[in-house]
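Q: Below is the structure I would like to discuss, written out as structure tokens.
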Amino acid sequence: MKRAFIMVLDSFGIGATEDAERFGDVGADTLGHIAEACAKGKADNGRKGPLNLPNLTRLGLAKAHEGSTGFIPAGMDGNAEVIGAYAWAHEMSSGKDTPSGHWEIAGVPVLFEWGYFSDHENSFPQELLDKLVERANLPGYLGNCHSSGTVILDQLGEEHMKTGKPIFYTSADSVFQIACHEETFGLDKLYELCEIAREELINGGYNIGRVIARPFIGDKAGNFQRTGNRHDLAVEPPAPTVLQKLVDEKHGQVVSVGKIADIYANCGITKKVKATGLDALFDATIKEMKEAGDNTIVFTNFVDFDSSWGHRRDVAGYAAGLELFDRRLPELMSLLRDDDILILTADHGCDPTWTGTDHTREHIPVLVYGPKVKPGSLGHRETFADIGQTLAKYFGTSDMEYGKAMF
């Protein structure tokens, strides 16, 4: 019986890539800088002391970071016994965004340039805005700028509730984000607006990766909170991923936990499980692992590392999240059968000590564990697609166009 369990710690980079200069990210190091802050006592808010990740260390995380950067992260044990196979991988794709990283993990790198809304003010073309107002019968709109999602809610949330005007905003990523209040605007109405925006972006040839619904609750600035009803409307991958091949060629199953299905535009997904927060995502993953049959992938995205702590530049929160993940990791490992493989990885970096609020161009860890997986270094991987090619070989699907099998 062949089963693979893929856990993406969203934004968990382990050191700047060779091409980081192109992105303004030379020196970025999500893991390294979190560990450094913890070791210096600068991340003691809600947690305390050096970064404590014994289980990830046993799977090779510290060694993978050493391969990427040349040093073991501060406070981590570089001499611990390693029971898994580990690598550090470079991104072939042109961007440092979520779809590019995930698609490349599944064997399909993004070799074209996404479209971006690069102006920080008046970010969106007037023609696009006019069509959205007309088609969705809107009283207008707010925002039309670059912003962090939590900041813009404090700035415009109250006005949105009074006027019914949706909040449009973007970032350095290829995204069009729409924030609306779940109760005063309505969740279904927000989703419908996002569908219209997706259509107009496609019809207008803007080549934008995702439209993201950002629902929130609360009654005034300072207590607005985004909810777990976020929805990403992505374009479809440009070629069949290893997920699609497993379903089509092997009649396999691919279970999405969290936002995986959204990222792949539901392509190659046979079951979707919603969950919000690290513990709930863990619980849902464990349930699906227990029920998984032959030729099954259970694929989970742990988005909080990125959305709650990376973008918000919350070092202590990120560290506490990693430590929670590490404490629960043995629960996953104990469920593995003889032929199973567990892959822990990331899709890009988001260094919480870095300037700004955007992603960082970094190597990702590739930690592979299973009863039959030989421990040790798998070295520097030239593309995340090596993960997809490894899965293609493991499940016996046709080869992926990109990537080399790691074992």
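Glycine is no exception: its Cβ is also placed from the backbone N, Cα and C atoms.
Model, not experiment: these values are computed from the prediction.
According to Swiss-Prot, the record shows the following:
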BINDING   Asp10, Asp347, His348  Mn(2+) 1 binding site
BINDING   Asp306, His311, His359  Mn(2+) 2 binding site
Q: Compare the Cα of Asp306 (Mn(2+) 2 binding site) against each of the binding-site residues Asp10, Asp347, His348 and report the nearest.
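A: That would be Asp10, the closest of Asp10, Asp347, His348 to Asp306 (Mn(2+) 2 binding site).
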Q: Roughly how many Å separate the Cα of His311 (Mn(2+) 2 binding site) from that of His348 (Mn(2+) 1 binding site), to the nearest whole number?
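A: Taking the Cα atoms only, His311 (Mn(2+) 2 binding site) lies 12 Å from His348 (Mn(2+) 1 binding site).
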Q: Among the binding-site residues His311, His348, His359, whose Cβ has the fewest other Cβ atoms within 10 Å?
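A: Comparing Cβ neighbour counts within 10 Å for the binding-site residues His311, His348, His359 gives His311.
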Q: Return the count of C-beta atoms lying within 10 angstroms of the C-beta of Asp347 (Mn(2+) 1 binding site), excluding that atom itself.
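A: A 10 Å sphere around the Cβ of Asp347 (Mn(2+) 1 binding site) contains 29 other Cβ atoms.
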Q: Of the binding-site residues Asp10, Asp347, His348, which one sits closest to His359 (Mn(2+) 2 binding site) when you measure Cα to Cα?
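A: Its closest listed neighbour, by Cα, is His348.
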Q: Report, as a single number, how many Cβ atoms besides its own are within 10 Å of the Cβ of Asp306 (Mn(2+) 2 binding site).
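A: Counting Cβ neighbours of Asp306 (Mn(2+) 2 binding site) within 10 Å gives 25.
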Q: Other residues near the Mn(2+) 1 site, CB within 8 A of the CB centroid of Asp10, Asp347, His348?
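A: The answer, listed by sequence position, is Val8, Leu9, Ser11, Phe12, Thr98, Gly101, His102, Asp306, Ala346, Gly349, Cys350, His359, Ile364.
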Q: Hey, what's the Cβ neighbour count for Asp10 (Mn(2+) 1 binding site) at 10 Å?
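A: Total other Cβ atoms inside 10 Å, all chains included: 24.
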Q: Using the CB centroid of Asp306, His311, His359 as the Mn(2+) 2 site centre, which other residues of the same chain sit with their CB within 8 A?
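A: So the additional residues around the site are Asp10, Ser11, Ser307, Gly310, His348, Cys350, Thr357, Asp358.
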